[in-house]
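Per TrEMBL, the features are:
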TRANSMEM  26-50  transmembrane segment
TRANSMEM  70-86  transmembrane segment
TRANSMEM  136-154  transmembrane segment
TRANSMEM  166-187  transmembrane segment
TRANSMEM  199-220  transmembrane segment
TRANSMEM  241-264  transmembrane segment
TRANSMEM  276-294  transmembrane segment
TRANSMEM  306-324  transmembrane segment
TRANSMEM  330-348  transmembrane segment
Amino acid sequence: SQYSAVDTNPLSVYIMQPIWNKIIKIVPLWIAPNLLTFSGFLMILVNYFLISFYDWDYTASGTSPGRVPTWVWLFSAFTTFCAYALDSIDGKHARRTQSSTPLGELFDHGLDSWATSIFVLSFFSVCSRDNGKTGVSIYTMYIYLSIVLFNFMCSHWEKYNTGVLFLPWGYDISQVVLIAAYLLTGALGVEVWQKPCLFGYYITDVLVILLIGFSLFLSFPQTLYNIHRAYLKKTLKNDSLYEGLLPLVSPLLLFILLTVWVVLSPGNILAKQPRLFLWMVGVAFSNVICKMIICQMSSTQPELFHWFLFPLALVVYTAISGLLGWTEELVLAVFTALVTAAHVHYGVCVGKQLSEHLNIYIFSLKKRVQE
């Protein structure tokens, strides 16, 4: 299917696109677009692990504000900008080297589905978790992450139904806000987030309120409107309501299972291991969305239940029934490692299959020799 995306965000159209059009000119023509996509993703990962090293439990900014060195925040701003730039020019570069492929589209959106959660998890280190005086509660973090992922899912669910990806306005805005937040933290220190600004609200509260407002009152209604418009124009990809709603079943069940674990965990797992738990949420979600993206690209029907749901249900059941006891954290760690390994394995396999099927290399513009 021919890739089509629509971007109507003024920030993107009038400010960012002209910048990307300048940057693209310095990219050598022999570089494969997927290499740009992957480099951006690696930068996000490196940055995430660097912040995790200094702030494993999300308390550094609140209890000991100097624990994360200033250069880390500036490095975060730099890597976030680079990843944002690379993610914005990979498609342009593919078109200018005439190497646009379904593999490139899947690679781009698949990595985006994972990067989305990593951006959010890195940002949480700026505001720190609630210590009674300042910070954000870990439950707010969980809800915040879920909303961002819900937004991401909506735009791809919309594409599954309409065939067109309407790029959410929130994307460019969130990237610019992230970069600005890191620069501000680097320049003024994390204390800047710990002073009330508006009517006794903290900046972090304002950001959470803005995010929820954006999602529920802008993105989601827009998604429903676009699907409704396609329905009126008779351009919907799916005939029945069942088929149209099918891709939402697994992500919603995933969210329900995870929330049950968070709320009913005897050992309060989210408070004990916020970083592990939220990472696992992001990876599991990314895998479910990748399946949706592949179904949308290949015009196939997704299965009702994603296989992740079965081991997850088992883990959640044993955890909340108290069977795991003190091993709950250990089981979470093992489960997180397995989910991550399975996701990476899945990505590598799909990439290999597609590169063989389309007769191209993933990271090189050379053509494969026909055997």
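Count begins at 1; order follows the chain as displayed.
Cβ from N, Cα, C; glycine included.
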Based on Cβ pairs under 8 Å, which of the stretches 70-86, 136-154, 199-220, 241-264, 306-324 lies most in contact with the transmembrane segment (166-187)?
70-86
Is it the case that the transmembrane segment (199-220) and the transmembrane segment (241-264) touch, counting contact as three or more CB pairs under 8 Å in which the residues of each pair are 6 or more positions apart?
no
Residue list, the transmembrane segment (241-264) vs rest of chain: Cβ under 8 Å, 6 or more residues beyond ends.
139, 142, 146, 150, 153, 157, 160-161, 227, 270, 277, 281, 284-285, 288-289, 291-292, 295-296, 301-302, 304-306, 308-309, 312-313, 315-316, 319-320
